[in-house]
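Worksheet for the structure shown next.
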Amino acid sequence: MNKIMLCLLVCGVVHAATYDLLKAPNYFEDFLHKFNKNYSSESEKLHRFKIFQHNLEEIINKNQNDSTAQYEINKFSDLSKEEAISKYTGLSLPHQTQNFCEVVILDRPPDRGPLEFDWRQFNKVTSVKNQGVCGACWAFATLGSLESQFAIKYNRLINLSEQQFIDCDRVNAGCDGGLLHTAFESAMEMGGVQMESDYPYETANGQCRINPNRFVVGVRSCRRYIVMFEEKLKDLLRAVGPIPVAIDASDIVNYRRGIMRQCANHGLNHAVLLVGYAVENNIPYWILKNTWGTDWGEDGYFRVQQNINACGIRNELVSSAEIY
């Protein structure tokens, strides 16, 4: 990219990220129209405006303090951070675990691999999905990994059924939350996974309607990795395919674009899919696929700086599975 194009891009980002807190009422009216928001009463509307105003102030502060990322008013801007996390994430501890997954310690220094790698460039990542108001990020991230495993093995992209996991996983809690490795274990216990078209997503818990005759993917085994060096995730990503990871989503809610260099690490509450890594302006970063639709972030993806444990990406063991 030449200097003129780079300048235009950067200038465009800065301009798009400029907000004036005094114009909050105008932004709020635009927000209501753009996202078709309706409230039950004037008091509820006032309550939502106050939250919106608080979020706008945070967006302005982030845009001033994080020069490599941009934050914006989006569909979540009338929700408190706590509301957004409770409605649109879903990583939580189940009451029991199966312990089928082998635990592997990755304590050797990272290999000298390529500076950049992205599974999307090999057409091994399915399209971005939208979990909606259902705490099933754990199912989406897990199945996103299995979808990529299938594409790597059979050179074909398929969409697997999150609803099957929501309804039929006896360890995790459907839209009320779950964990990544227990989802792999449940896939082994269920015997396979159906297509999304056979068992469509409903954004709610339902009765299990599993049909073993319609299974298209089975999980033979799973592993949990203790990663001693964050850089080691690169080797693992290249070796096993896209990896579901647990993060703290508190600071990504109003993300628009760019490389996040400041991301909270206070508690893991969301699951996303690590699909690649690269370097931009000497900043190494991870590429992560979210499940909040393509109208969020960079067409549904976001980027965070490497080697600072951004969003707590290294706090939890990462998991992978072998399919058949």
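From the backbone N, Cα and C atoms, a Cβ is placed for every residue, glycine too.
These features come from Swiss-Prot:
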- 1-16: signal peptide (SIGNAL)
- Cys134-Cys175: disulfide bond (DISULFID)
- Cys137: active site (ACT_SITE)
- Asn159: N-linked glycosylation site (CARBOHYD)
- Cys168-Cys208: disulfide bond (DISULFID)
- Cys263-Cys311: disulfide bond (DISULFID)
- His270: active site (ACT_SITE)
- Asn290: active site (ACT_SITE)
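Shown here: features listed in Swiss-Prot, placed on the structure.
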| residue | record | Cβ neighbours (10 Å) |
| --- | --- | --- |
| Cys134 | disulfide bond | 25 |
| Cys137 | active site | 30 |
| Asn159 | N-linked glycosylation site | 16 |
| Cys168 | disulfide bond | 20 |
| Cys175 | disulfide bond | 20 |
| Cys208 | disulfide bond | 13 |
| Cys263 | disulfide bond | 23 |
| His270 | active site | 26 |
| Asn290 | active site | 28 |
| Cys311 | disulfide bond | 28 |
- Compared by Cα position, which of the recorded positions Cys137, Cys168, Cys208, Cys263, Cys311 is the closest one to His270 (active site)? Cys137
- Distance from Cys137 (active site) back to Asn290 (active site), taken between C-alpha atoms, in Å: 9
- Query: How many Å lie between the Cα of Cys175 (disulfide bond) and the Cα of Cys208 (disulfide bond)?
  - Reply: 14
- Among the recorded positions listed as Cys137, Cys168, Cys208, the Cα nearest the Cα of the residue listed as 'N-linked glycosylation site' belongs to Cys137
- Query: Can you tell which of the recorded positions Cys134, Cys137, Cys263, Cys311 lies nearest to Cys208 (disulfide bond) in space, using Cα positions?
  - Reply: Cys134
- Message: Please report the three-state DSSP label of Cys168 (disulfide bond).
- Response: helix
- Query: Per DSSP, Asn290 (active site) is which: helix, strand or coil?
  - Reply: coil
- Do you know offhand how many angstrom separate Cys311 (disulfide bond) and Cys168 (disulfide bond) by C-alpha? 30
- Task: Could you state the whole-number distance in Å separating the C-alpha atoms of Cys263 (disulfide bond) and Cys137 (active site)?
- Result: 19
